[in-house]
Ligand SMILES: Nc1ncnc2c1ncn2[C@@H]1O[C@H](COP(=O)(O)OP(=O)(O)OP(=O)(O)O)[C@@H](O)[C@H]1O
Ligand SMILES: [Mg+2]
């Protein structure tokens, strides 16, 4: 069971209030589409939930524990943030796919890594490909795969398919939907994509510094 | 040591023509460096005169406590200079101070304990200056490299943190590169010793009339000494300073210049 509670959260930066008084509660299996105008604060909200920056008011709880009191490294393994135009680090694809193991003090499992690449429609020998030699779509697939190798409890997707071709988009979403169905993770997905918004059943709109959630009960 | 070179005051004054040449160049080429040149020359002369008399005094007194204080004073000045080159890294003075103290103490202790140097002011003070000065340069390069890399690789560090990496894991490559940057100039200059330049200490000894073969031994000691000193101070500064780029919540925080 996973429960993520955002309780009257607010975020200020450089004396400017980006959003305030945002509250919602999510349970395993929930899939929330986050929408709103550019500069409205969607990315900052997701980064705050991931503990990559701290809210300045209110609280965030994961399974009734205040995020500010949880060991931050363990927390980020559970609440995983993936961004648009993922930056790859190190020299090769392997460096990127090794990191999720290293943060868990595990030896990288090459078979799992290759299975992941194949799920992302990338050949096994890409493991030793230089990150500088990847196309934009390939880079994004490797980037997202880093977040999926160890299924988190909460997956935060910040416009991960923006600017990708239809086929790459489909590959990435297929992998995420499969994981969502199997592991019942909580997904928060920021998008500007009309089609995605039209399909969404649970929408959180971040606008004018406020958050409004519209939930269509369709099940 | 009877063929020592001796610069008379008169010939020194004539050598001031050299400064005039650079002033004329600056003036003719509109480099606007005249004022700066004069100030730095005057500063250098005043500083050197003071230090000259100070050293003469300390050598004459030949007291171990005074020698130690002078060594610490040199390290303190070097640490302040290191802080200046940190571009706002918090705690840079403290890091520089302990880094320089550590590298100088270890290096000098080994030299004294192995009998290469004697704990006498006329040996301790110049060599401390050399060790601390080179360590200071190394530490300055480490800071610059860290600042540069953290800015350039902000995105990559952020992604590592997002995946749950600790600052240590997220900055590992950056730290290693900073250490390399700190040590590189020493390694490079050592490589061209004798081919391009006769290093300072050796030239000094030879000009003072010491047998070149004898001077070589000292120079080899200097090489060992500088490699150790820049190594220790680079490692120390890198490992202490990279943490300052993160807060306790493992979030990247670039220093404000
Ligand atoms: N570190 C920061 N310093 C200053 N301002 C910031 C910082 N981070 C975010 N902001 C500001 O907060 C506001 C919200 O940014 P955010 O990235 O959350 O918007 P967004 O809704 O994701 O927009 P987009 O749809 O364009 O991605 C912006 O006006 C941005 O300038
Ligand atoms: Mg955004």
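Including glycine, each Cβ sits where the backbone N, Cα and C put it.
Small disclaimer: the values here were computed from a predicted structure and weren't measured.
Taken from TrEMBL, the feature transmembrane segment applies to B:6-25 (among others).
The transmembrane segment feature in TrEMBL is assigned to B:37-55 (among others).
The transmembrane segment feature in TrEMBL is assigned to B:61-79 (among others). The list of residues near the transmembrane segment (B:61-79) in space but at least 6 beyond its ends in sequence, with Cβ under 8 angstroms from a Cβ of it, reads 54, 93, 96-97, 99-101, 104, 108, 119-121, 124-125, 128-129, 132-133, 135-136.
Summarising the annotation, TrEMBL assigns transmembrane segment to B:91-117 (among others).
With a threshold of 8 Å between CB atoms, the same-chain residues lying at least 6 positions outside the transmembrane segment (B:123-143) that come near it are 55, 58, 67, 70-71, 74-75, 78-79, 81-82, 85-87, 89, 92, 95-96, 99-100, 103-104, 107-108, 111, 117, 178-179, 181-186, 201, 222, 225-226, 229-230, 232-234, 237-238, 241. The annotation transmembrane segment is assigned in TrEMBL to B:123-143 (among others).
Per TrEMBL, the feature transmembrane segment maps to B:190-210 (among others).
Remote same-chain partners of the transmembrane segment (B:216-242), defined as residues 6 or more beyond its termini with a Cβ less than 8 Å from a stretch Cβ, comprise 82, 86, 89, 91-92, 95-96, 98-100, 102-104, 106-107, 110-111, 116, 127, 130-132, 134-139, 141-143, 146, 167, 171, 174-175, 178-179, 181-183, 185-187, 190, 193, 199, 201-202, 205. According to TrEMBL, the feature transmembrane segment maps to B:216-242 (among others).
Through the fold, the transmembrane segment (B:37-55) approaches residues 19, 22-23, 26, 70, 121, 125 of its own chain, all at least 6 residues removed from its boundaries and within a Cβ separation under 8 Å. For the transmembrane segment (B:6-25), the list of distant contacts is 31, 34, 37-38, 41: same-chain residues at least six beyond its ends, Cβ to Cβ under 8 Å.
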